[in-house]
Amino acid sequence: MDRPAAGASYQRFPRVRIRDLKPDFAKFELRDTDASMANALRRVMIAEVPTVAIDLVEIEVNSSVLNDEFIAHRLGLIPLTSAAAMQMRFSRDCDACDGDGSCEYCSVEFNLSARATDSDQTLEVTSTDLRSADPKVCPVDQARAYQQALGGESYDPNTGDQRQVVLHLISLVANPFVVLSCLVHFIPLLLMLALGRGILIVKLRRGQELRLRAIARKGIGKDHAKWSPAATVTFMYEPDIRINEELMETLTLDEKRSWVESSPTKVFELDAITQQVTVCDAEAYTYDDEVIKKAEAMGKPGLVEITAKEDSFIFTVETTGAITAYELIMNAITVLRQKLDAVRLQDDDGDLGELGAHLGGP
Amino acid sequence: MAVDDRDDAAGKEVPPPPSYRSLAAPVANPVDKFALLPAFLKVRGLVKEHIDSFNYFITRGIRNIVQANNRIEARNDPNIYLRYTNVHVGKPSVQVDYKIEEITPHFCRLTDRTYSAPIRVDIEYTVGKQHELQLKRNVLIGYMPIMLRSYTCILHGKDEAELARLGECPLDPGGYFIVKGTEKVILIQEQLSKNRIIIDTDSKGRVIASVTSSTHEIKSKTVITLDKEKIYLQLNQFTKPIPIIVVMKAMGMESDQEVVQMVGRDPRYGDLLFPSIQECASERIYTQQQALQYMDEKVTYPGAGNQKEGRSKSILRDVFIAHVPDYVGNKRLELSGQLISLLFEDLFKTMNSQAVEMMNRNSDKTRSSPSDFSQLIKHEAITSGLERAISTGNWDIKRFRMHRKGVSQVLSRLSYMASLGYMTRITPQFEKTRKTSGPRALQPSQWGMLCPCDTPEGEACGLTKNLALLTHVTTDQEEGPLMNLCKSLGVEDLTLLSGEEIHAPGSFLVMFNGLILGKHRQPQTFAKTMRKLRRSGQIGEFVSIFVNEKQHCIHIASDGGRVCRPLIIADMGISRVKEDHMKELRDGIRSFDDFLRDGLIEYLDVNEENNALIALYEHVDQDDVERSSITHIEIEPLSILGVVSGLIPYPHHNQSPPSFLFEVKVTFLYNVLQLFRADSLLYLLVYAQRPLLTTKTIELVGYDKLGAGQNATVAVMGYSGYDIEDAIVMNKSSLDRGFGRCIAMKKYTVMKENYGDGVSDRIAKPQRDKDSVLVKQNMRALDEDGIAAPGQIIRNHDVYVNKQTPSVIDRRGAGALLRDREYKDSPAIYKGVDGETTVVDRVMLCSDTNDKLSIKCIIRHTRRPEVGDKFSSRHGQKGVCGTIVQQEDFPFSERGICPDLIMNPHGFPRFDISFVIFKYLFYLFINFPNLVSRKMIELIGGKAGLSCGRFHYGSAFGEPSGNADKVEDISNTLIKHGFSYNGKDFLYSGILGHPLEAYIFMGPIYYQKLKHMVLDKMHARASGPRVLLTRQPTEGRSRDGGLRLGEMERDCLIAYGASMLIFERLLLSSDPYQVQVIFEVVCEFPFGRGWNCATADAVVLGSVCRKCGLLGYYNHKLKASYRSMCKNGENMAKMRLPYACKLLFQELQAMNVVPRLKLTEG
Ligand SMILES: [Zn+2]
């Protein structure tokens, strides 16, 4: 690997412009940097921003239809509010306890006790039945209900204005692919959230009982996906679309229309009055080359020129609700900075500590 | 079928066949006939053949058997007799302490019992000297294993809620037996039909005609051979072939003219017969008497003389029909009912003859008052005989010369589909080892009857077949009324006609179930009338009427075992089933049987299909000439496939390797009540899903209710290099979230033995010390009763049942309780994988039929996929998991989609030559838009399904009828939702953040986890157990064996020249042994004195004598090498050789062969 000559600076000054910021959704532009920077941020958001999730389950009674491991797995995937996760200790690094859960620095205890008494209806045990020992850490739907009860409209992610969530859900239903692709299990979760009933853990029939103690710990998505705060983190290169106006004018109206319609996403617009083809949403372009192929098929190569701007990225961030999108981005930057600090330290004394192995050496 | 070459009924009333193109053309507005399929399955069920045939046996067959053998009498006094007046099979029950209790199938499964019902008879018999007649009702003669969901089964006619209460899965089709707790299916057996002449060539290339004839008394095989232009008759009863003319003369046709006339009017026949006639003349046989004499000399057993005549007649009773052995019309399928019926008949007769035997013995001995027969009927024989046959699968019935193995098989419960597949499977009549390709090839007559794709790979390929979706296998129908009907419709008896009349032009022979019934002068009218009667329900719907124009005969068949299928009747190509009929069906006013009764649909068997021209769709827009010859219309094209192959989406779009049946090895839900069962091995998928791209068959069989896999988002691209050879790369986060997670449950049974005298095993509670801490740590899973507690984590070497056995069993303690020290520990120890957490799921206690307590522990293990686990799509592409990669390293799209797994494009199904042939067969069906691999269509179909929120269909040949979505429509849906029409996406590299250079084909594909998991196969050892005899490491994973460096591996090392490695592997790491060799080659001892093995204290190291090259030994007392023959320790050398080699020398010496080691100084 070529190291830069001493003293040469590659420093750039990236700019961030936030376009949209909702409690669990953010869209922002990242400019004046390159793919390595953008991708590093994405990767850290997915895998290295810590959250809290249930990690140890002690089952006292389980007469439900699902077996113990099944329930433990489902519990683990419930997102817990983790605003305090950055300040918590990893259980393995904690010297205040032996990891049995009765420690305020590294773990939070939960209790669940549900029994379907003599009614003919099945009892749905949901995340709302989880009783947390620490009010700061609880299932996200509980937090939201709590905030709603307070009536507070403060800038807290978990206030999650119901309407907005529903709107968000509509957008998800319109494009469920996004959810399914990486979050199979969060579909019911999100639906339950929207309905305000919590995340379903198991259904109990009359006489069945579930009683358990669970310990939530801090962790990162690299270890297990349940600790990943990101539902979706993705970016795209900003496209640079230039229509060759001269060539465009040689087209008939029908040709223009068919050309505009050849794009699977709505990128171009045909003004009905002026009969001008304009770019209406450049970012809707999915680099599918359909319009270019179409132009070639129409015998007009070079009708449009599309390039990706190599130094500007449009990020889309959605969180599971464990932390806000804002926190996710900020924490990711913090984690990234810590990692870079570790690299710098290595230059000083060659001791990387734990990060050394992580970074794969010099 | 139109493709059948035998269909050459080119009479004057048949117009030229229409062009095939027009047949395949889709219809303007077709009547949606699909609803007929569920209606059919509702009436008949998925395993209707089995249940039908068993019902027939229980209600009619058993009665016929008993009636045919209803009287037994003593040999010396026929007045002492017993007569069966009635027989019936009761409800499944078991006798517990003189109390009869009804049993459920589920109870039998759990307690290892047989689900059987008592067979009871009403009898009249004589008692005492005066032979007083006595009647007795409901006498038990045995227990009959009962097929689930048959008439006598308690599950018959129960609805879902009742079934659930009985512990039965509502989706379970039934059709199998439960014998000693295991579920057994009697597979459908393929047989050549009886009483039909099959013309074939034998191994020597001679033309032979053979016929297997069977009546209630005898079964025989008759062969007529054409050898050197002469015709011979071969029968088991004759030592050598008999010239056919001799046989004819023996039957009374003394003049040659008569013989020729009988055979036929054609002068060519005379020429063909000439050599035979000449041979006969050379033997100087002219009269019947001479002929019979000649034949008598050739008879194997003397005394069979009068039989052979009957045989010869039976040969001539049948007429030559050209037959192809693989033609399905010549096949009969034997179902469980027939097979059990044979077994029962044999056992029943044996029981009767034993009773007679005993009666005779009694009366011979005592000469006193004869005992009555009712006491001599023993029911154990029938019960155990039936049970044994079904549980072993060996049908050894000497009475019928039947020796078959593997008739019944354990019902595979790995998956729902596997169980269904077993029910429709047909075992071939041929040996699997036969190398011939003929019987394996797809026969045109299989169309619609047997599934063209569902056959296993390997030796049974093409021999083992499966029934198609709509196939029905007939059961026997009464012959008498039908024969009378034919006679009254103008069939003339042959005996009343002369040879000349028999061969009169225009008149056809009428054959009934293979036997000649007579002649009819107006065959077409006769056939038409018979068919009209069938359509109006006057005669059975499964009676087939087949006019064979070529051979001038009409075949009427009502026998059992024929395959047939329902078809819509068409008048001049216009379907009788109209939209209003279908509406009535959908509204529930009309059932499938109504369609049959109203003559809208009829069953055709393979033979009668030859008289039909079957169109795929109704051709309303064709002109009359084109469609006038169409007689029938298919109900639904997808019904040519079977149950299992119907699961594959778009099977007509590229070849299906037979291996897609691998699907049956998938881990999944097979039964909604599976958690209540105690299967010995069960794999369950944790989050099973319904496929996004389904087929109609999936819905028909209820497979969508029992998910088998998950819709994984698959990106088709290369990644990381760990994807070679069809391996897949998996997303770690997907696995974290539950993709591919499965539960393996294993049953461990412990028996508490009884040794008599009240001495039995006991189960002790775990020992604890004063502070109630366990003495032995491996008992931590145990409850206080000494049996593992449900929910407990159990690890390798843990005890799950703390059993103790009495140390002295044969003690005559006269009931005294044994003391504690008279028991020794024999705990059941769990052998698991270290480091894996397994949990005791359930513990079941039950007593088996011998009142022994059996403890069944079911131990559960939740597994997440790991590297090396096998996965498969529905297209037979198996691939192991090559590597597991973090989600952030996976490629992603700008929508945020990140695949669950990555598959290498080289693994896509290929189009090979066999598919081209397969395709040709179905060429009539569809104009393919393009040859897109069906896995690709599944992907884009699933993607479109996700986008628009609708399950898409991919039924076989379903495009024209709307049962499969067209690729164009799918593409349009994709475009509407902002995807590329071809299903490709623009992805970014997860590692670098750069866009990938190619568009990546990405979308959901239904993936299934196969039962082959690394955890069950992983094996390695450093050192470990050795075999006692050879001192080499043991073999196999179960014995913690070594890994074999075999011949080929050795060859590689030799070729490479790695001699030290060979030395190490083959000697040092295997069975090194030091021996003492006598150095010199010259030996004073002659050969063959044998290896005088040393006394016990000496054999630790062998030695080889230098002088004679024989092995000596090391004497520890003398601390010196010693040779046994020379009796001293001179000239000894030490050397190392494999113990197996030393053993070989010793064994050779034991055989008086002396191996000598010639040593030189090194
Ligand atoms: Zn701690």
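Positions of Cβ are set from backbone N, Cα and C atoms, glycine also.
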Query raised in the report: Which range, B:1-21, B:85-105, B:211-231, B:757-777, does TrEMBL list as region 'Disordered'?
Result: B:1-21
Requested in this report: Provide the three-state DSSP residue tally for the domain 'RNA polymerase Rpb2' (B:592-637): helix first, then strand, then coil.
Outcome: 15 helix, 9 strand, 22 coil
Query raised in the report: Which listed stretch (B:510-570, B:592-637, B:935-1039) has the most C-beta pairs under 8 A with the domain 'DNA-directed RNA polymerase subunit 2 hybrid-binding' (B:645-909)?
Result: B:935-1039
Query - Helix, strand and coil residues within the domain 'DNA-directed RNA polymerase subunit 2 hybrid-binding' (B:935-1039) as assigned by DSSP - result: 31 helix, 27 strand, 47 coil
Report summary line: Across the domain 'RNA polymerase Rpb2' (B:1041-1077) the predicted model averages a pLDDT of 86
Requested in this report: Please list, for the domain 'RNA polymerase Rpb2' (B:1041-1077), how many residues fall into helix, strand and coil according to DSSP.
Outcome: 20 helix, 6 strand, 11 coil
Report summary line: In DSSP terms, the domain 'RNA polymerase Rpb2' (B:409-473) comprises 18 helix, 12 strand, 35 coil
